[in-house]
């Protein structure tokens, strides 16, 4: 059985991967999620995903031998601005106000390190999300749920956040944080397939 490592502590990514019956270790990366404003959002997402996977691979050392490390990084992009995770209520309010009644883009970079064949694959997925028009009162009420604080763009598409999302164009799971179709396409290039239970 292949040793699989998810380089993330995101409950959403963990749940998405668990549904395929894969046994995997959870080893969150210690990478600071620093955005390079000179790079396009998809490049930032891919760079951060790669840094996360590489950091975990290095830290595991000998125990990473022949393992498969999966990492991801999600970025929200609107009107030329990358929105990260809000660190307080003021930032969350600013972000939610900014995406209210508009379409924004969600990019998730995905990286897979397959030590058994010494390969690193990096790719990204893109989806468009339409948020309803929210009053200041609605924004504050949503912030009080506590959902915005560990999410890029200050919302979750599941939970209470589903009540502010009008529609999604593209991969839904990309918005959750792990684009499953893209992930499996990358795994197939390495000779694995989630549909066949090959991990």
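Every residue gets a Cβ built from N, Cα and C, even glycine.
The annotation active site, proton acceptor is assigned in Swiss-Prot to 73. The number of other CB atoms found within 10 A of the CB of residue 73 (active site, proton acceptor), across every protein chain shown, is 27. Under the three-state DSSP scheme, residue 73 (active site, proton acceptor) falls in the strand class.
Every protein chain shown contributes to the tally, and the Cβ of residue 12 (site 'Important for substrate specificity') ends up with 20 other Cβ atoms within 10 Å. Sequence annotations record features per position, and here Swiss-Prot assigns site 'Important for substrate specificity' to 12 (among others) based on sequence analysis.
What Swiss-Prot lists as site 'Important for substrate specificity' is 74 (among others). In sequence order, 45, 106, 107, 108, 109, 152, 174, 177 make up the list of same-chain residues 6 or more apart from residue 74 (site 'Important for substrate specificity') whose Cβ falls under 8 Å from its Cβ.
The site 'Important for substrate specificity' annotation in Swiss-Prot covers 158 (among others). For residue 158 (site 'Important for substrate specificity'), the count of additional Cβ atoms within 10 Å of its Cβ stands at 14 [all protein chains shown].
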